Each structure stands twice: as structure tokens, then as C-alpha cells.
Amino acid sequence: MTDRTCLSIVLAAGEGTRMKSNLPKVLHQVAGLPLVSHVVTAVQGTGKSDIALVVGRGADDVRAAVEKNAGPVSAFEQKERLGTAHAVLAAREAIERGYDDLLIVFGDTPLIEAQSLQKARERLAEGADVVVIGFRPDNPHGYGRLIEKGDKLVAIIEEKEATEEQKQIGFCNGGLMAVRGQHALALLDAVGNDNAKGEYYLTDIVAIAHSKGMNVTAIEVPVDNVIGINNRVELAEAEAIWQQRKRREMMLAGVTLIAPETVFFSHDTLIEADVIVEPNVFFGPRVHVATGALIHSFSHMEGAYVGPKAEIGPFARLRPGANLGEKTKVGNFCEVKNATVHKGAKINHLTYIGDATVGASSNIGAGTITCNYDGYNKYKTVIGENAFIGSNSSLVAPVEIGDNAYIASGSTITDNVPADALAFGRARQETKEGRAKILREKYAAIKAAKTATK
């Protein structure tokens, strides 16, 4: 298989009107990745393949989304909507380059797996000329039926055209197919539009190929592989299936999910073995959690690295650029953004650390914030090793706190603090004996006077 060339035609020109959205359908996301990018990822999982993207509405945006993850692709605009075969032929220029295999896939089927497409390509390598990907739903009503004679596929019959006997067939058309490259254009050009809608249907190439004595066959894949997305309900269903797959994959790889159904991953989440994830945790894009870490409930992460044996949460938020070293702690109601926290440092409660470096073994007290933004620009806070930042401190960047320095609680620090120094940045306390009693009597009298006038 590795020496066979392949062109994958990704049909992504559908209007998607049932999505009720200004966004092209294929750019809606599952697990933080556009539908069409899931499909391209699966295609690339079969081995080296050139990509021909057939686009319509939002063509530039669709192409940009695909290339962000897949690298350069060829894009072809389908200017008229005249059926699936017509859509494939929009990429005629690419097909004419000549390939061993032609994969035809749909940009709105994000759950298709690489192994399913690989299986279709393997059939081509074994001698098939056309391979249709089929499935067996619990209820086949509404789907085109795959009509077989022995191990050969002879036709695809749509539900409305099927006889009662054919409607009993449970093997249905998944829409995706693989075609031997040398026959692709001849088969596609032979498709006519003699039907009620006057459209050119890709499914017709099955009967055409069979009539020419070609080897046409079908393979069966799991039902979820061919689920197409047409509305927001189906989008949510696809998300649920994807998450279920990912949770299983994570647990089989050595990650403990205490309540799997409450944990949500992104398409690129990387979690190493022996990590424990408590209930109700969300992983956004670009998160890597190293071995032995503990993620407590209600934590939200994106664009973050969590080091070995680190502890996060509960109710912690890690934003892009958070880089937490080994055995660090980011506790409840803490937010870390664009900051490196070195080994053993603790940020336990009610704290914001942004655009900062926290040295090894330092302790950040409750309520501490780095004041990193003046409304126009961001500035950096550097905290040395083994520093102690007292509770309710404000560190006004740019500022540096030296190794082993102490910051008194309640301080506002605007100047650099040398190593081993103790810094205060607050008003001196004054205590007035008996004043509280006088104030209580005064305020009670005011309240009583207001009540009497009502």
C-alpha cells in the first residue's frame, strides 16, 4: 500500500442551510476542530495522499481552516450545485494528474476513521475497481440500499426507488467510496442526469462500473463512521460520540477518569499515563498533561502544559501559555496565563498570575495578582526561587522579586525587591481605642431616625 499514490477529494461545497448559520457547515467544530479538518486528518492517516478540496460558500475560509492543520491543499470551486458526481468533477484537473487510488469523502462526516478508509484502499490494491463504504443502521429507512450479488456490488438503490424486497436489505450506502484512478474519469464522465432533479449522482458509477465488467465491491464500517452533520442536533450527537471514543482511548492508555462522561477533551489533548482526572474537567486545544499529575474537578485548561506530579484545581483555569513545572500546585479559583511556574512552586488560592515567571519552591499567597496590563501593553513579573508572596498582594509589572525575598501581606509592589529582602507596600495601621462603640451608636441612631420618618 505504501507505494500507491492517492488523491483524496474532499467534498466541502454544501450550503448547509439546515445549520441556520452564517458559518459554512464544514467549519462548525467537533472537539475544537472543524468538521472538514477531522475528515482530512482521517484521510492523511491512510498514508501519503494529495488533497483536492471542493469548495463553495466561504471557500477561502474553508481552505484556510484545512491548511492550518493539513498543510497546502488544492482547492476547486463548485460553481453550480448539480449533484455529487458533478462536485467530484470540479476537481478534474487534479484527477487528470493520474493516481493509483481516488478516495471520495464528504467534509461533513467528522467521525470517519482512518482504518475505514485504509480498508477501502486495501481493496483497490487487491484488485477492486470501485469500493463503496457501507454500514448497517438499526433502522435502514431513508438510506440507499447496497444491492449485492455474491461478493459483488451491482447497484445502489435509493429508498424511494426500492422494491419492498430491496427495502428489507439492511446494508446501506455510506456515501464515501474509493475508485481505481485509471478508471475514475471514464466512470464520472459516464454519469448522466436523467432523473427528477436533473443532477449527476456519484452513486451511479456503481451500476456503470458493473455494466463494464469491472470489479465493484462494498465494505462495512461502524455506523458512527459515516454520520453526516446537517443540523445542530446532529453536531451535538457527533460531539458526544467523539468524546466517548476519546475517553475510552485515554483510559486504555493509562489515564484515570473518575467520571468519564463528565470530562471533555479537545482533538489534540495529550495526557500521559498515571494522570488522574476528577469529574467535570474541560480540556481545550493544545493541552499536554505529564505523567502523575492530578486534575481536580471543575478545572478548565487550554494552551497549557502541566508538568509531572503537578496538582491543578479544583476550579482552576489555565490559559494559553501556562507552563507548569514538576510538582507545582495551582489551586482553587486561580488563573494562570502566559506564565512559567517552576518546580515545586505553589499558587494555592484566589490568584491571577499572568505574563510572569515564578521560581522554584516559591509560595504565592491567597489573593495575589500580577498587574500586567496598562490598557495598552503587557508587562512581565519575575519572581525568584523560594520567594514568599504574602496574601492579597499586588505586583505591578514590570517588576522583579529576588530569590528568597518576602513580600508582606496586603502589599502593592511597584519597585524591584532584591534577594533575601522583606518588602512592605501598604499604609501603616492605626488603632483608635473605643472608636468602634461610638460608630455603632452613631449608625444605629441614623437608622432609627430613617425608620421613624417612614
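Heads up, the Cβ atoms here are built off N, Cα and C, so glycines get one too.
Listed features, source Swiss-Prot:
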ACT_SITE  His349  active site, proton acceptor
BINDING   11-14, Lys25, Gln78, 83-84, Gly144, Glu158, Asn173, Asn230, Arg319, Lys337, Tyr352, Asn363  UDP-N-acetyl-alpha-D-glucosamine binding site
BINDING   Asp108, Asn230  Mg(2+) binding site
BINDING   Ala366, Asn372, Tyr373, Ser391, Ser409, Arg426  acetyl-CoA binding site
REGION    1-232  region 'Pyrophosphorylase'
REGION    233-253  region 'Linker'
REGION    254-454  region 'N-acetyltransferase'
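This view paints the features noted in Swiss-Prot onto the structure.
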residue: Leu11; record: UDP-N-acetyl-alpha-D-glucosamine binding site; Cβ contacts under 8 Å, 6 or more apart: Val54, Thr84, Ala87, Val88, Ile104, Val105, Phe106, Gly107
residue: Ala13; record: UDP-N-acetyl-alpha-D-glucosamine binding site; Cβ contacts under 8 Å, 6 or more apart: Val54, Val55, Gly56, Arg57, Glu77, Gln78, Arg81, Ala87, Ala90
residue: Gly83; record: UDP-N-acetyl-alpha-D-glucosamine binding site; Cβ contacts under 8 Å, 6 or more apart: Asn193, Lys197, Glu199, Tyr200, Tyr201, Leu202
residue: Asp108; record: Mg(2+) binding site; Cβ contacts under 8 Å, 6 or more apart: Ala12, Gly14, Gly16, Lys25, Val26, Leu35, Val36, Gly228, Ile229, Asn230
residue: Gly144; record: UDP-N-acetyl-alpha-D-glucosamine binding site; Cβ contacts under 8 Å, 6 or more apart: Ile156, Ile157, Glu158, Glu159, Cys172, Asn173, Thr203
residue: Tyr352; record: UDP-N-acetyl-alpha-D-glucosamine binding site; Cβ contacts under 8 Å, 6 or more apart: Cys334, Glu335, Thr368, Ile369, Thr370
residue: Ala366; record: acetyl-CoA binding site; Cβ contacts under 8 Å, 6 or more apart: Asn348, His349, Leu350, Thr351, Ser391, Asn392
residue: Asn372; record: acetyl-CoA binding site; Cβ contacts under 8 Å, 6 or more apart: Gly354, Asp355, Ala356, Lys378, Tyr379, Lys380, Thr381, Ala397
residue: Ser409; record: acetyl-CoA binding site; Cβ contacts under 8 Å, 6 or more apart: Gly365, Gly390, Ser391, Asn392, Ser393
residue: Arg426; record: acetyl-CoA binding site; Cβ contacts under 8 Å, 6 or more apart: Ala408, Gly410, Ser411, Thr412
Winner by Cβ contact number (other Cβ atoms within 10 Å) across the binding-site residues Asn173, Asn230, Ser391: Asn173
Distance [Cα-Cα, Å, rounded] between Tyr373 (acetyl-CoA binding site) and Arg319 (UDP-N-acetyl-alpha-D-glucosamine binding site): 16
Recorded positions compared (Lys25, Arg319, His349) - highest count of Cβ atoms within 10 Å: Lys25
Taking residues Ala366, Asn372, Tyr373, Ser391, Ser409, Arg426, which bind acetyl-CoA in the record, the widest Cα spacing (Å, whole number): 22
Secondary structure at Arg319 (UDP-N-acetyl-alpha-D-glucosamine binding site), reduced by DSSP to three states: coil
Coarse DSSP state, helix versus strand versus coil, of Ser409 (acetyl-CoA binding site): coil
Within the predicted model, mean pLDDT of the region 'N-acetyltransferase' (254-454): 97
C-beta crowding around Tyr373 (acetyl-CoA binding site), within 10 angstroms: 12
Residues in the region 'Linker' (233-253) grouped by DSSP into helix, strand and remaining coil: 20 helix, 0 strand, 1 coil
